[in-house]
Amino acid sequence: MAQTNHTEVIEYVLLGLQDHHSLEIALFVLCLGIYCITLLGNSFLVGLIVLDTHLHSPMYFFISNLSLIDIFGTSSFTPMMLLNFLDVQRTISFPSCALQMYLTLALGTTECLLLAVMAYDRYVAICQPLRYSELMNGPLCIQMAGISWGVGFANSLLHSILVWRLPFCGHYIINHFFCEILAVLKLACGDISLNTLILMVATAVLTMTPLLLICLSYIFILAAILRVPSAAGRSKAFSTCSAHLTVVVIFYGTITFMYLKPKDKDPSVGKIITLLYAIVAPSLNAFIYSLRNSEVKAAVTALLWGGLLTRKMSHF
């Protein structure tokens, strides 16, 4: 392993499942397929939202941001991980590892905040429909999305600075598929109490607070839906937020499972399950918003029959 001295590491080894190469081949095929679905599905949804003027609303603006997070998030670690599975390259340079850790943490935090913003959007749409265009105007939506991205990347920058200032005493083997912050912290040979404290505070503020706001939003939404006199009206009102609620359950269920599950007797089993959860969830979001949304279905139909592109080209 190339090192400039005993404490400065210039590249790391991603251990992955080095002792189970046949399993790695199977995971390569599975993960490559899921990654392609994630890229194609989310890219198609973003393109559809851009092309169809009927989808130029705050809800779809936030959905397009969520799709971009899924694309960038999975792309930040999946290509390198696929090379790892094929045994082509198990090492990762220090700058690449630092960037990978920074992006995965930043985009995960951004998604937490964006899901809370989307819950507020659904609250305004259902509980204050007459003021929706006033309260969810274009500039405000851009500001809320920008704040979500900005806070997520600023939080990740803080943690990255605190992590990479630690001494690692020449430790370079990361027992994971990618440079995840907790796996990197395990290599440190210095005091990580400050890192742990700030990580816990940031998790509470930037993960649990959005979840609390989401729950409060849906309490008010549920109360408003129950006041709708007709069953058809209640069904229509709930259908507008069911896709978002499904994504929230999958996202927070994934986080809970990944970080709060009991420690496995075989570390390889835990790594595989964590990996599958990390790449499967982003691949589902585009399909959830497509299959459970009549407006997206209508836009897809228009695109398939050529009407959407014809209308778009007529503007030029």
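Cβ coordinates are placed from backbone N, Cα and C, and glycine is handled just like the others.
Bear in mind that the values here come from a model prediction, so they are computed numbers and not experimental data.
Here TrEMBL flags 41-289 as domain 'G-protein coupled receptors family 1 profile'.
According to TrEMBL, the transmembrane segment annotation covers 25-51 (among others).
Sequence annotations record features per position, and here TrEMBL assigns transmembrane segment to 63-86 (among others).
Residues or ranges marked as transmembrane segment in TrEMBL: 98-120 (among others). Long-range neighbours of the transmembrane segment (98-120) within the same chain, counting only residues 6 or more positions beyond its ends whose Cβ lies under 8 Å from a Cβ of the stretch, are 59, 62-63, 65-66, 69, 72-73, 76-77, 80, 92, 144-145, 147-149, 151-153, 155-157, 159-160, 163-164, 178-181, 184, 202, 206-207, 209-211, 213-214, 217-218, 244, 247-248, 251.
TrEMBL lists 140-158 (among others) with the feature transmembrane segment. Under 8 Å from some Cβ of the transmembrane segment (140-158) lie the Cβ atoms of residues 58, 61-62, 65, 102-103, 105-114, 117, 120-121, 198, 202, 206, all in the same chain and six or more residues away from its ends.
Annotated transmembrane segment per TrEMBL: 197-225 (among others), in sequence order. For the transmembrane segment (197-225), same-chain residues at least 6 beyond its ends with a Cβ under 8 Å from one of its own Cβ atoms are 109, 112-113, 115-116, 119-120, 122-123, 126-127, 151-152, 155, 158-159, 162, 181, 234, 237-238, 241, 245, 248, 252, 255.
The transmembrane segment annotation in TrEMBL covers 237-260 (among others). Residues 66, 111-112, 115, 118-119, 122, 125-126, 182, 207, 211, 214, 218, 221, 224-225, 228, 273-274, 277-278, 281, 284-285, 288-289, 292-293 of the same chain, all 6+ positions outside the transmembrane segment (237-260), place their C-beta atoms under 8 angstroms from a C-beta of that stretch.
Under the heading transmembrane segment, TrEMBL lists 272-291 (among others). Remote same-chain residues near the transmembrane segment (272-291) are listed as 17, 23, 27, 31, 34-35, 37-38, 41-42, 44-45, 63, 66-67, 70-71, 73-74, 78, 81, 177, 243, 246-247, 250-251, 254, 257-258, 261, 264, 297, 300 (criterion: CB distance under 8 Å, separation of at least six residues from the stretch ends).
Averaged over the domain 'G-protein coupled receptors family 1 profile' (41-289), the predicted model has a pLDDT of 88. Residues 17, 60-61, 63-64, 67-68, 70-71, 74-75, 78, 81-82, 85-86, 272, 275, 279-280, 282-283, 285-287, 289-290, 296, 299-300, 303, 308-309, 312 of the same chain sit 6 or more residues outside the transmembrane segment (25-51) yet have a Cβ under 8 Å from a Cβ within it.
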